[in-house]
Amino acid sequence: MNTHPQTSPNTHYKIADISLADWGRKEIDIAEHEMPGLMSIRRKYASKQPLKGVRVTGSLHMTIQTAVLIETLKDIGANVRWASCNIFSTQDHAAAAIATSGTPVFAWKGETLEEYWDCTLQALTFTLADGTLTGPELIVDDGGDATLLIHKGYELENGSTWVDEPSDSLEEQVIKRLLKRIAIERPGYWTRVVNDWKGVSEETTTGVHRLYQIAATGRLLVPAINVNDSVTKSKFDNLYGCRESLADGLKRAMDVMLAGKLAVVCGYGDVGKGSAHSLRAYGARVIVTEIDPICALQAAMEGFEVRTVEDTLGQADIYVTTTGNKDVIRIEHMTAMKDQVIVCNIGHFDNEIQVDALNTLTGVQKINIKPQVDKFILPNGNTLFLLAEGRLVNLGCATGHPSFVMSNSFANQTLAQIDLWQNKDVYEKNVYRLPKKLDEEVARLHLEKIGVKLTTLTANQAAYLGISVEGPFKPEHYRY
């Protein structure tokens, strides 16, 4: 952990080490060649400037790939401020390169929870020409933390007592303390923010779930675009990205041979599918746990055993949570696991594993092995290794998904930002998805890079199917 992040005199950035900028720039240059979707969008929209002067806050992993996204948003006119959406996911050389280029960025690997939420606040804080503090007009969110902070702050200014209610977690306590401080230091701030805020595009399953929950209660403050459920995001980033990055995280963290190990993957959605296939590709024997009969049947038809966590205790060598739910691996599970077990998470939040309960377990001994690898000696004498403190193992212990697959996701994010701004007076306060035509276009932008040549329908074939020669080729209800 870097406990003394570097800042600029004008609060332009707060990062680990500005001297890493040259290294970061070299890797950004490499990534650009692997991100044809984003680079094509730059070329298409650079002269049109569809986001000219628009204040955009990003709360998304500050990686090399995200740096390419940030510079794409800037190239099409946006005024950008950025923070990471995870305390461990920042690549410090990427943050340094972005800071050097003039973008305000507040992120470093190994933030405390207090630092993390303060960075989110700084990314949300813009200063107008007259010195007035205001917020973004658009948000690029990943997990929904920036969206959550604005909603909770606005509700506090409108009579909510949530900040005085008992907290379910340490992180919730941190959020409440921050909101109380802002209420004193910046009275009426969140109302000003909401008055200017026009929309949010959400990157991940967990954040989308939050949006639908808020929308169902009628409390959603702005239109939102669900980027996660674009086919070129969920079926690529979530599936193929995890298929490569999970094993990378495990290998870098533990230097362990996966072949022959018994691994349990909790959840068989798109992330779970990618994770299960990642482990099996290395020769691990994989068991899947599921609550959904459809996903369970899919796993079984792929040749995976489907059991419960309880059935695997004392047998499995590795546990990976992928669900987006809470309390998937509980303290009673961890104390019953075999000696030398590895436990990690590749879902968005750390509450999939009862990390707080493990840290406070009577008689437990915690030993830090290296950054993001902790050894717990349990009261029964067994050892458990927890990776990335229960947060995203692929970003905490490795570098996340490869650039090519992230080009799909970030092309969707950029198109969503353009769509939100162009239709800010049209969209209602609800959750939307990008049209299938744009989904197909994102895929099309990536084909040449990998040597794909599409077959073209004849006019007669298109008429027979009842579609256009140019697409869309599938109905909205089609399951890819």
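Glycine is treated like the rest: Cβ placed from N, Cα and C.
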May I ask you to find which of D118, D130, D142, D145 Swiss-Prot records for the substrate site already listed with T63, E203, K233, D237? D142
Assigned conformation of E290 (NAD(+) binding site) - DSSP reduced to three states: coil
How far is it from T63 (substrate binding site) to H348 (NAD(+) binding site), counting Cα to Cα, in Å? 16
T63 (substrate binding site) falls, by three-state DSSP, under coil
Quick one: Cα separation, G267 (NAD(+) binding site) versus K233 (substrate binding site), in Å? 18
In three-state terms from DSSP, label D142 (substrate binding site) for me. coil
Nonlocal residues around T204 (NAD(+) binding site), in sequence order (Cβ under 8 Å, 6 or more apart): D142, G143, N228, H348
Pop the Cα-Cα gap between D237 (substrate binding site) and V271 (NAD(+) binding site) into the table, whole Å please. 9
Of the binding-site residues listed as G269, E290, I346, the one whose CA lies nearest the CA of K233 (substrate binding site): G269
